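Take a look at the structure set out below.
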Amino acid sequence: MMFSHYFFSTDSCNCVEPQWPADELLMKYQYISDFFIAVAYFSIPLELIYFVKKSAVFPYRWVLVQFGAFIVLCGATHLINLWTFGIHTKVVAIVMTTAKVLTAAVSCATALMLVHIIPDLLSVKTRELFLKNKAAELDREMGLIRTQEEAGRHVRMLTHEIRSTLDRHTILKTTLVELGRILALEECALWMPTRTGLELQLSYTLHHQNPVGFTVPIQLPAINRVFNTNNAVKISPNSPVARLRPITGKYTPGEVVAVRVPLLHLSNFQINDWPELSTKRYALMVLMLPSDSARQWRVHELELVEVVADQVAVALSHAAILEESMRARDLLMEQNLALDRARQEAETAIHARNDFLAVMNHEMRTPMHAIIALSSLLQETELTPEQRLMIETILKSSNLLATLINDVLDLSRLEDGSLPLDLAIFNLHSVFKEVLNLVKPIASVKKLTVTLSLASDVPEYAVGDEKRLTQIILNVVGNAVKFSKEGNISISVFIAKSDFLRDSRAPEFSPMPSEGHFYLRVQVKDSGIGIGAQDVTKIFTKFAQTQLAGARDATGSGLGLAISKRFVNLMEGHIWMESEGLGKGSTAIFIVKLGIAESADESKLLALPMVPANQPQTAYPGLKVIVMDENGFSRAITKGLLEHLGCQVTTASSPEECLLIVTPDHNVVFMDVSLPGVDGYDVAVRLHEKFRKRHERPLIVALTVNTDKLTKETCRRVGLDGVVLKPVSVDKMRSILSQLLEQRVLVEA
């Protein structure tokens, strides 16, 4: 009653009754839960299958397969529930819905958890497998390393053996012996190419089972196959190069390999440089394993053979280089000995030539001194026109001979490098004016006009060798006068600018301008007979004379221009000749390098002795002179010259006699310093010691046959007042005395 009362009273009261889910909503929850349960159940087996597939070490794969099948079937039942759903009571529906929701949550959580767990499980197994594989790999590498170390040790031993000698036969024989010992070979042989390169010859064998000297064609297929690769190649035991032992009975030959050995060819060998190497040909090394055995070639053994072949090639190249170097060294030693002998012979020849020239210089100048002195004395006496012509001819010929002697000596010293420049400050303008004054008398006789043009930028003073520059100018101008019959000769002097320094015919002349120096360019143009094109290149050659019809009257030794060229080269310059052809005149051009005279050195210019401009006296009566000369003939000649000029002459034949007779009353002492065995320089020193005061001491002048730099320096050092070069004429002696008395010092005469 109460229940019915309660049941029926609900419709008439406003009590709040709990709200349960409607049946449709519960059905929807069950549908969703069954779907997720099915998805989870189907994904879990897939994950297990993935795990089984990736895990190579899991032992119970069938259990996982069975478990997966069970889960798939469970998932299938839930999936079927989606179509076989029935209506239940509300309580049952609530319970089923709750259970299915929980099952779906747990199933999805499990599926998601497996997604994270399986990779971890796989990584553990993978690491174990990785470590096992690494361990196995390390074992293999260690075995390989041990094998390589053993092979390397064998290679080092073999390399040491074959490189301990540089004899090619020893190298090859040692290689075969060591390979046979290391690899336990039955036979090992080396085939070398013949000279023609068309065949291989059996040259070395290990056990000498086959006769050496047997040849095979080099174009065999097996040989070509080996020669075309760097690797050791297995070849047939029946190949001609593999038949290394006589066939006796039945036997199974061992495996045979062959490898090429490069034979390096040397070219362009030089001792101080590495030679060029080129692989021209190959040798063939054949190795045979023991017969009647199952042994085969292993990889490391083949590698060892290849390395040894390379080492043999290197050792053979070193041996070849040594042989070539020894040959080159022997050849070089022979060449050095030959050069040394040639140098000694050249030095001996130069010394002999210099000694000969020195003796001839002295021996020729002494009679020349007599000829010129006596001829000049005779010239000043009463003579008939015919006699005077004879004397003038004698004097002219004698002066020409004296000039030739000077030229030969200068050329000799220039060629052996013993003639240095005597650099000093000099008056450059005066040099050209002096040359002009010297050639004008000769030019006037030939009715030639000689003009001098000095550019305004040419400095008055310069630093250089005044004597040699004068000699160059005099030779060039004199040559123009000699080969010109009429017309004019112009001398142009100016500072050479960059445009005028080069000569296209002499590209080797490369002047380098520098501070403190300048290049002087001199052009001497004449209207003479000209020069043929074939003679322009010969004009500066020693002893060269052009054979021209118009030049037959011109005399000369052919040394003037050759010496001038050498002097110009010594002054870092260049000289050349230009001519448009025969009968059209010529132009001689030379460039020399001179120093710029600083203003601070002007005081030195004042101390330089100058040649007196006044005409010398004709006689010097009362002038007391001593002549010291060991040669009585030469002494008498010099005495005659001085007495002709009015001097009171006392002669001495030795230094002791000269020191004994000299007094403060004597004005000049002439002494010959070039006589062998006589030290005239010592006489000068002792005269200075005897006469301490300058005004009491007579002037001391050296008579010599040589005025080179050493002689002049020695004269200056011992206090001589002048140097006179023999031979001496009356006019020259007159000029010497005039300058001595006026200047108390003598410029080289």
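Placement of Cβ uses the backbone N, Cα and C atoms for every residue, glycine included.
What TrEMBL records for LYS726 is ubiquitin cross-link. Sequence-distant contacts of LYS726 (ubiquitin cross-link), defined by Cβ-Cβ distance under 8 angstroms and a gap of at least six in the same chain, are ARG365, THR366, MET368, HIS369, LEU703, THR704, VAL705.
In this model, the domain 'Histidine kinase' (359-598) carries an average pLDDT of 79. The feature domain 'Histidine kinase' is assigned by TrEMBL to 359-598.
For 624-741, the entry in TrEMBL reads domain 'Response regulatory'. In terms of DSSP secondary structure, the domain 'Response regulatory' (624-741) contains 56 helix, 25 strand, 37 coil.
As annotated by TrEMBL, 4-aspartylphosphate applies to ASP672.
The transmembrane segment annotation in TrEMBL covers 31-52 (among others).
Residues or ranges marked as transmembrane segment by TrEMBL: 64-85 (among others).
TrEMBL lists 91-118 (among others) with the feature transmembrane segment.
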Other C-beta atoms that fall within 10 angstroms of the C-beta of ASP672 (4-aspartylphosphate): 23
